[in-house]
Amino acid sequence: MQCSFLTIFIFITTVTVGVAEFSEQYQGSSSRLTRHLLEKHNKCSPPDGRVDISHNIELVHIIGINELNQNMQVLVYIVQQWTDASLSWKVEEFRGIKHTWLPEHSIWIPDIIVFNTLEHKMLLEAVRSPIKVSYTGEVTYAYPAIYTVLCQIGIATFPFDDQVCKIRFASWAYDEDKILLNASHKPLLKNYSPNEEWALQDVDMARKEYEHEETVVSEIIYYIKVARKPFYYLISLVVPSYIICVLSIAGLFARFSTKHERQERFTLGVTAILSMAVLSLVVTEKVPHSSENVPLLIVYMHFIIVMVTIATILTSTVMRVHAKGFRTHFLSPPNWIRKVLLIARKHANFFQQHGKVYMDIHTTAEQWGEVSRRMDYLLASVFIIIISTPTLYLFYMCFQMDHATAERVLLENAKRRDQLYY
């Protein structure tokens, strides 16, 4: 019994000592390393000499583009890397620890900001995410953020427009003698989530230098090119406008009674014009108010409004032609009018079949009525063709611009490229 008790006591003692040594080796060394780094590091002082900062971003999602206020909102992952000698240590003195994590507020961080930002949301402020530090002094600061940046919107080809927005990163206080900003590669797209309205066309970056108060400042500019997906606007605006226009044209030039009652046709034309004017206001509220460029969609809608206006005015001309037969009982339509409207050929065949003169069969009122009916048919056909041509062209442009395929190819190529950096 005494031997068994002694064996158990020795076993428990050995395990306790081993656990204590393990805890001291890993947990104690980590705490000791943190105290060591914070004691010799001054968070208010940047590293000695010029600091080379590698600045890279990963585009995650284009939240939206506000055309009226001319800005773009994006979600990005930002990774900044630099070397700080005061945060280095010898691995053998801390039981082989090569990496550690320090609180963000406890070390020096470069003041890299977005110069053209309107709003900046740090998504990890409440989380207090730590910063990774390597034994060589290399610091890696990674965080997600939502930026709302200024973006000059071009509206001349709306809704077939492409936009190029910039995100400009630079140091606020330090010049190039102290901070040299570099980017090792284009923005990554490994985790990109497509936008419903905008198709991503290209992403690129460039490093530039500019002078500010007699100092040279380096900046990194990221270019994000997007193209609008126009199909929604064609379905919601172009198609209703076209249908209203065609129906109004058909109503304006439909066959009417011999009592020449056409006054309600003007009401139809005015109603159609007002309906399309309301639809054009929807587009006007969507795009910036600019006097330099008029959106293509606004030009189209104003064009069909003008066409309906002209058609409404021409209705009065047809009314006068129809009424002329009741006012002039012996004055027949001129031959050139009958030839233009193909009436002469019709009644020439009629003469050959029946052997009677045209004037002996038809009264003058019927002749002018036939002229007005032919004018209705001709004008309705001409206006519908004129209005249909730009409408078909808009749909042709829409189907020619396969933005979804271009975006898919871009993302596939970008993901293959991004594998080199992971």
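Just so it is clear, glycine is given a Cβ too, placed from its N, Cα and C backbone atoms.
Within the set Cys165, Cys245, the cysteine that Swiss-Prot bonds to Cys151 via a disulfide is Cys165. Topologically, per Swiss-Prot, Gln81 is found on the other side of the membrane from Ser372. If you count C-beta pairs under 8 angstroms between the transmembrane segment (294-314) and each of 234-254, 268-288, 379-399, the highest count goes to 268-288.
Sequence-distant contacts of the transmembrane segment (234-254) (same chain, six or more residues past either end, CB-CB distance under 8 Å): 159, 265, 268-269, 271-272, 275-276, 279, 282-283, 297, 300-301, 304, 307-308, 311-312, 315, 318, 376-377, 379-380, 383-384, 387-388, 391, 394-395, 398. Across the residues of the topological domain 'Extracellular' (21-233), the predicted structure has a mean pLDDT of 88.
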